[in-house]
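Listed in TrEMBL for this protein:
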- 42-67: transmembrane segment (TRANSMEM)
- 58-308: domain 'G-protein coupled receptors family 1 profile' (DOMAIN)
- 79-104: transmembrane segment (TRANSMEM)
- 116-137: transmembrane segment (TRANSMEM)
- 158-181: transmembrane segment (TRANSMEM)
- 201-227: transmembrane segment (TRANSMEM)
- 256-279: transmembrane segment (TRANSMEM)
- 291-311: transmembrane segment (TRANSMEM)
Amino acid sequence: MSTADKSYNSGFSIKFPLILDNFSDIRQLDIFDSKLTVWEDYIVGIQLLITAVAAFILNVFVIIVCVKKRNSLVPADYFIVNLAACDLILSFVGLPFGITSSFFHRWKFGSGGCKAYGCLGFFCGVVSISTLALMSFSRYVHVCKNSKSSSLSKYTKFFIIGSYVYACLWASLPLLGWGEYGVEPYGTSCTLKWTSDKEFVTLMLISCIILPVFVMKYCYGGVYLYLRRHCKKFRTDRSKTGNNIRKREEYLIKMAFMMCCAFMLTWTPYAVVSFWAAYGEPKSIPVRLTLASVLIAKTSTIWNPLIYFVLNKKFKPHIRLCLRTFFRCETNAQQRRARSPWHFCNSGSSMTSSL
């Protein structure tokens, strides 16, 4: 081989890795591009929009009604208000990021927005599951340890504040360098990066998923066994006060249990995919399977107020009153516009133009 060939080959061998590095940099810049088709992104955006609007309306109704009857609220209702506030934050602040990105066919808010969105979603998820675990514990103490229920009720607000502190602690750790937020495999949403740090992911799964689920199962299992053992006692107490207390307890237990079940059903697919990504082979997970699990999880913001509407008979008159007030205000506004001189001027000009 000639000297010229050697120099040519050596020069090429030096430059070639640089070319590859440039290509890898370009591929890194495209990390926020959607991996779905345009029409799939439109469908996802529409579904997220419907979820956000429905969650916003339903949770606002819950908060309005609870504010109106604030003098008659029991400690269990504060947990309901907390869940509604958390779902409202996620639907009003968080989901618009995903909706906008879906319609633009890529994540539109950069790396900083990705971290903020992932942090908000993780924070709201931990607050919700912590609140549900506290609800189950509250029901367990109230039913099975009745002597301690009055003292426990005094600390309900502190329990709720504690759920926010607990969620804030876990959500801030990836921002401080332990764990990481990153884009979802389909490209238009962000969450925890399940492959980033095995120690963080393992401890988080134990503390934020397995432990609350264990508390729920233990507490509702304890309530079920207690009621089964003492069912004769409740049946023999036929006084009006006894019946009212029994119905109230049945309602609270049923509502809390159904909310826990709804949360578990909506978040289990996403939890399974997350476990798969953390401890299996992430590249083997179909992109659309991840997307489906995320969309199912987002619907959790709707189920809590729906369960509250269905089970709470006293809630329906308040809903009718709110709707009546809203439509009355809308009708009055239309009548004021119809009586205004400007309205008649516009009407006259439109009639003249039509003639």
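For all residues, glycine too, the Cβ spot is worked out from N, Cα and C.
Across 79-104, 158-181, 201-227, 291-311, the stretch most heavily in contact with the transmembrane segment (256-279), judged by Cβ pairs under 8 Å, is 291-311. With a cut-off of 8 Å on Cβ pairs spaced 6 or more residues apart, the transmembrane segment (116-137) and the transmembrane segment (42-67) reach fewer than 3 such pairs and are scored as not touching. Below 8 angstroms of C-beta separation, residues 36, 73, 77, 80-81, 84-85, 87-88, 90-92, 95-96, 98-99, 102-103, 188, 291, 295, 298-299, 301-302, 304-306, 308-309, 315, 318-319, 322 of the same chain, each at least six residues beyond the ends of the transmembrane segment (42-67), sit close to that stretch.
Beyond the ends of the transmembrane segment (291-311), by six or more residues, the same chain brings 36, 44, 47-48, 51, 54-55, 58-59, 61-62, 80, 83-84, 87, 90-91, 95, 128, 184, 186, 189, 191, 251, 254-255, 258-259, 262-263, 266-267, 269-270, 272-273, 319 to within a C-beta distance below 8 angstroms of the stretch.
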